[in-house]
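Right, one structure below, let's go through it.
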């Protein structure tokens, strides 16, 4: 097929990027009926609502309410009037005792509780016994088979020994590429490449070093080549 016969979709008929991708439907919260009387809320009411949502069970109602706050006896509903049940895992109450709250606050808290049960709360999840991944040790190793034959379980997260008091993981082997002895600490590369600073000597220092080397050579010659019989014959003592 030639280039003239190539079919191309017109620009106005081309579909946009991402067309045809399925998207999940967004579930919006239905709006409540508007109140006939405007609700008056202050900072204390907002703080109580926040503490009820974040720390259910730990927040206690204040003993005295400030002026302008909704009254309990004035028709304000209670959050819950059920018996206080305690969770056996996290030891937190499943339902709070009755606390005064405005009508819109009650609806909001009840909606949050329906969407997120107590088992999904952070305090409950922290207290659960979580499972650990299996051990990374190779199951084909002879050492592991030997230890497993004597009752050691690599997935139990316990150390070696009768009471599991040993190390939990084997010592990681490191390759030894040099021929130095065990425990020898090699100097750093920068120290090995560092050259000794050349010291300039004058004639006096050179003569002094020469005399010291000469005395040391005579002392070594006397130690190695001295003969006691010859010294005794020559009368040197």
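Numbering starts at 1 and runs along the chain as displayed.
Any Cβ shown, glycine's included, is placed from N, Cα and C.
Going by TrEMBL, these are the annotated features:
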DOMAIN    139-187  domain 'G-patch'
REGION    55-75  region 'Disordered'
Under the DSSP assignment, what numbers of helix, strand and coil residues are found in the domain 'G-patch' (139-187)?
11 helix, 0 strand, 38 coil
Within the domain 'G-patch' (139-187) only, compute the mean pLDDT.
83
